[in-house]
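S.K.: For reference, the structure I am asking about is given below.
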Amino acid sequence: MRPRGAAFAAGPPGDLHLGTAIGFAGAIWRSRSPAMSTLLDIKSSVLRQVQVCPSFRRRTEQDPGSASADPQEPATGAWKPGDGVEFFAHMRLMLKKGEGRQGLPCLEVPLRSGSPAPPEPVDPSLGLRALAPEEVEMLYEEALYTVLYRAGTMGPDQVDDEEALLSYLQQVFGTSLEEHTEAIERVRKAKAPTYALKVSVMRAKNLLAKDPNGFSDPYCMLGILPASDATREPRAQKEQRFGFRKGSKRGGPLPAKCIQVTEVKSSTLNPVWKEHFLFEIEDVSTDQLHLDIWDHDDDVSLVEACRKLNEVIGLKGMGRYFKQIVKSARANGTAGPTEDHTDDFLGCLNIPVREVPVAGVDRWFKLEPRSSASRVQGHCHLVLKLITTQRDTAMSQRGRSGFLSHLLLLSHLLRLEHSAEEPNSSSWRGELSTPAATILCLHGAQSNLSPLQLAVLHWQVSSRHHQTCTLDYSYLLGLLEDMQAHWEEAPSLPQEQEESLADSLSAFSEFGLQLLRQLRDYFPATNSTAVHRLELLLKCLGKLQLFQPSFEICPFESELNMDIAAALKRGNREWYDRILNDKSPREQPGPQRLPGLVVLADAVYDDLQFCYSVYASLFHSILNVDVFTLTFRQLERLVAEEAWVLTEELSPKMTLEVASGLFELYLTLADLQRFWDSIPGRDSRSLALAGIHAPFLPAVKLWFQVLRDQAKWRLQGAVDMDTLEPVDASSRHSSSAATAGLCLSHIQELWVRLAWPDPAQAQGLGTQLGQDVCEATLFYTELLRKKVDTQPGAAGEAVSEALCVVLNNVELVRKAAGQALKGLAWPEGATGPEGVLPRPLLSCTQALDDDLQREAHTVTAHLTSKMVGDIRKYVQHISLSPDSIQNDEAVAPLMKYLDEKLALLNASLVKGNLSRVLEALWELLLQAILQALGANRDVSADFYSRFHFTLEALVSFFHAEGQGLPLESLRDGSYKRLKEELRLHKCSTRECIEQFYLDKLKQRTLEQNRFGRLSVRCHYEAAEQRLAVEVLHAADLLPLDANGLSDPFVIVELGPPHLFPLVRSQRTQVKTRTLHPVYDELFYFSVPAEACRRRAACVLFTVMDHDWLSTNDFAGEAALGLGGVTGVARPQVGGGARAGQPVTLHLCRPRAQVRSALRRLEGRTSKEAQEFVKKLKELEKCMEADP
């Protein structure tokens, strides 16, 4: 490989700080809620809104009682014992540092500076050598000669004013007017250049078909018409165009200076030739290029004749000779010797040489007819360029090629144009002034430089100039792309020019590698301008790698990527050593080096973040270089070496200060490992940091012990300073709760960030940390209780406000502690399911929640106890209200009282606590109404209707359209009991009796096998209108006699009595000394089917124990609804006395619900109610207590 350029002389700019974007962590939970509305309409008595929305957010500002401002740098000294504020301030800084290290960084840097990029190094010695005065004079003469002897047509973006161009040259070469005039005179006296026209016949399209097969066999004849022939007989030319054909009657022979012929393309109307010709020009202003396109015939040897004509081109009378050849060739054809053969002509072109643009022309020309009788169509694609073949200049005479002359002229003009525009700017894109561009275009054309050579020259000059005075990389990239495009079209250069290009590419690649070596200095990731410049530089290097000529003259394909990797590695090591020597010199003792090593590790992490989010995608997409892996591996290994050595040195000297530094250092090293693991396909077990946690374990344990003590001291100080008042208008808790929640949140976040990798060790650390959290939380609630107990005016209203704050504090800390404990889940790979707490910690967590819930309920009971007397007073007001007033008027005082009280509580309590208070008040109200109902007997139905209205109004009030308690909880428990009481109190006596039997039917399925079983069979005989009830047998009855047996018999009766008023009860025989009697007795009851279909209609079986000496004992009962009996619900099938299937009934004893119906009937004064109650009480005398 060729040596790469000169040495990189300029030094780097000053060290640039790669800042770390650190987010703010920690916010105190606040509780916000819409205020509860006041009672706007007493009649509606519905509370519209009681919801509050507490939230637990960490404050971005400092927590109460902390220092006035957080320190900007991590504290390096040990904190004072008992100073929890300083300890947690230090911990907050560690958490802030880790906030930006969660997962993979974004693939772009959100905060980038738009300031100018750092200046790149320049070295004037890397440019082209300065010209000697004599060489400058020759270059000046070369430029003047180019302007004075220009030829062709100037383009619209070029300067056509000769004086303007000469004046520009005088200015850029810095000559006086006298010197300038003398130079012009010398050049004018020089011999004019020899001009030539380069013609490339590329292709034609849409030609006319001349052959029977629908195609033609086209070929071109072209030549230069000299001035003598082109200007004579203008009248004849006006009638017809010149053509290379046989003579006609219209004029004499038309000589051609040189006639060239292309190949014949058979059977096509769109021929492609791509043939090139060079014609000498005598007079640029008058000579013309003429081109004919003919259809070739097999029997005509015109092409051969033309080729023979070119061999004698020096003879006089060439035109007549050409005419003779045409005649001879045509004579052998089918046409006569005097015919025009117009069918063979396909079109012609006449192009004055003076109309050829200076830069050449590459376009399609429309074919023209030679006379009005000709019929042509189609276009011909030509490339024309006017050049000079001999130049009378000093450079030409000394053998300087046009390539070298143009290089010197371009370099001179580019340097002067740049210095005139923006001498110190790196954004200049090589925009030359119009005179400069015109002169370079003229010189390039006259020197016969190909587009590839011009592109190579522009690249060589600009890339060299860039190393002396920085240019815009987009300009250089454009030059490389232009050069590559032209190389693909014509990949050939003289050997000397190829070698010159190779040196240029090699020098630029070396320059780029030196910049990449100092990547962080010249292209900082936080500077958008610098990153964009880096992208363009990489594209330039990538273009060198993919540039076809570089494969032949510079072996970049196999070496450039390795060179880039080597430059990046060397730059990484230099950057690392610079920070290490500045922050943590190896000459210092371990404890003094530790803070600096923390800074170094943080700098490495931040650098790798920038590398991943900014540099990696650029290098990979453009050069296919994995810069992130390369950088990570190298820096991670260097940091790991320092960490292993330092921990081994500091382990025997473990102090609080050392533990703090090691703990912070480990967090960053663990972040590095997680960073690598978070990338798909990467495994940190292969890193040098693998297993680094082991030597840090003693420091972590010591730090956790200090954390426990510091948390208690911090909470003690917060409670001491607390006034038990909300911290602001938007909060419902006091300052100590905010501090406690923040501390617990920090502990949980710290554990998450620690993510200790060893499962067994993590179990022990997590369990201990969780116990510390529980202990600190209970410690705080105990401090609160002592605080509120010592508040003055314990019996006054102020205590209620303080209790509300305490209740809110307990709720906030309960949630904070629960959230913190949830974060102490098992690490991946530990025993047990992921996310499950260890059993001791889970037990501690449940115990903590129970204690805090109990504490909250105690405070809630204390708050609501002050409202019990008032609630009873307002309920009594409802019960004593006369029937003459409306229900809403009777309820209004209670609703107004509740609205006022709950509005005050809503303003003071968070949602969870307000719900707890609402539930307590709801239960108080239900019990008060139940007591009022029990205290009032023999009252009107309006009394119960009023309380029914009150109950529904309270449900709406406490539900508050979904903003209060849910309907499911409101309509449960005591509400159901009260609702049933009100319903039954509103019922008639017979409805109450029916409810009594319905309750019996419901209770038969609640208890099984406790009091035995009874098998019966029932059916209804429609023909006789009677009900047949057959008692079959019983089993597992209760032993009611001293001998362990019973003498059971069964009483069979129909109920309710008012449905079957004429039916008497019947009984079976007594079966002595048995618990499994068999009866097989059939009883008939003459009753109508309609009565049996009533909802409460049933057969009641009562099993009694016969006692000869005293009252019979009650053994159990069972009820069977008649609605499902065969013959009642559906017609009897099969007939017979024993139709239907046996039914097994489980015996039971009346439950409280059934007995309550009896108590409701006791208050009735009607005869029917009293007789029914008397009968039931006689039965109760026979009952014993439930076993």
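Here the Cβ of each residue, glycine as well, is placed from N, Cα and C on the backbone.
Per Swiss-Prot, the features are:
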BINDING   D211, D217, D295, D297  Ca(2+) 1 binding site
BINDING   D1041, D1047, D1105, D1107  Ca(2+) 2 binding site
BINDING   D1107, S1110, D1113  Ca(2+) 4 binding site
DOMAIN    176-335  domain 'C2 1'
DOMAIN    663-784  domain 'MHD1'
DOMAIN    888-996  domain 'MHD2'
DOMAIN    1010-1136  domain 'C2 2'
REGION    55-81  region 'Disordered'
S.K.: Which is it, of D211, D217, D1041, D1105: the one of these binding-site residues whose Cβ has the most other Cβ atoms within 10 Å?
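M.R.: Answer returned by the neighbour count: D1105.
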S.K.: Taking only the residues in the domain 'MHD1' (663-784), give me the average pLDDT of this model.
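M.R.: Across the domain 'MHD1' (663-784), the average pLDDT comes out at 88.
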S.K.: Between D1047, D1107, which of the binding-site residues has the fewest other CB atoms within 10 angstroms in the structure shown?
M.R.: D1107
S.K.: Which residue counts does DSSP yield for the domain 'C2 2' (1010-1136) in the helix, strand and coil classes, in that order?
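M.R.: Residue counts for the domain 'C2 2' (1010-1136) by secondary structure: 7 helix, 56 strand, 64 coil.
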S.K.: Could you measure between D217 (Ca(2+) 1 binding site) and D1107 (Ca(2+) 2 binding site) for me? Cα positions, answer in whole angstrom.
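M.R.: D217 (Ca(2+) 1 binding site) and D1107 (Ca(2+) 2 binding site) have their Cα atoms 140 Å apart.
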S.K.: Give me the DSSP three-state residue breakdown of the domain 'MHD1' (663-784), ordered helix, strand, coil.
M.R.: 92 helix, 0 strand, 30 coil
S.K.: Around the Ca(2+) 2 site (D1041, D1047, D1105, D1107), what further same-chain residues have their C-beta within 8 angstroms of the site's C-beta centre?
M.R.: L1040, S1046, P1048, H1106, N1112, D1113
S.K.: From the Cα of D1113 (Ca(2+) 4 binding site) across to the Cα of D1107 (Ca(2+) 2 binding site), what is the distance in angstrom?
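M.R.: About 7 Å separate the Cα atoms of these two residues.
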S.K.: Using DSSP, would you call D295 (Ca(2+) 1 binding site) helix, strand or coil?
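M.R.: Its secondary structure by DSSP: strand.
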S.K.: At the Cα level, what's the spacing in Å between D1047 (Ca(2+) 2 binding site) and D211 (Ca(2+) 1 binding site), rounded?
M.R.: 135
S.K.: With D1113 (Ca(2+) 4 binding site) as the reference Cα, tell me which of the binding-site residues D295, D297, D1041, D1105 is the closest one.
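M.R.: Smallest Cα separation from D1113 (Ca(2+) 4 binding site) among D295, D297, D1041, D1105: D1105.
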S.K.: Of all the binding-site residues given, namely D211, D295, D297, D1041, which is spatially nearest to S1110 (Ca(2+) 4 binding site) at the Cα level?
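M.R.: Checked the binding-site residues D211, D295, D297, D1041; minimum Cα distance to S1110 (Ca(2+) 4 binding site) goes to D1041.
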S.K.: To the nearest whole angstrom, state the Cα distance for the pair D211 (Ca(2+) 1 binding site) and D1105 (Ca(2+) 2 binding site).
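M.R.: One finds 134 Å between the Cα atoms of these residues.
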S.K.: Around D1113 (Ca(2+) 4 binding site), how many other CB atoms lie within 10 A of its CB?
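M.R.: For D1113 (Ca(2+) 4 binding site), the 10 Å Cβ neighbour count is 19.
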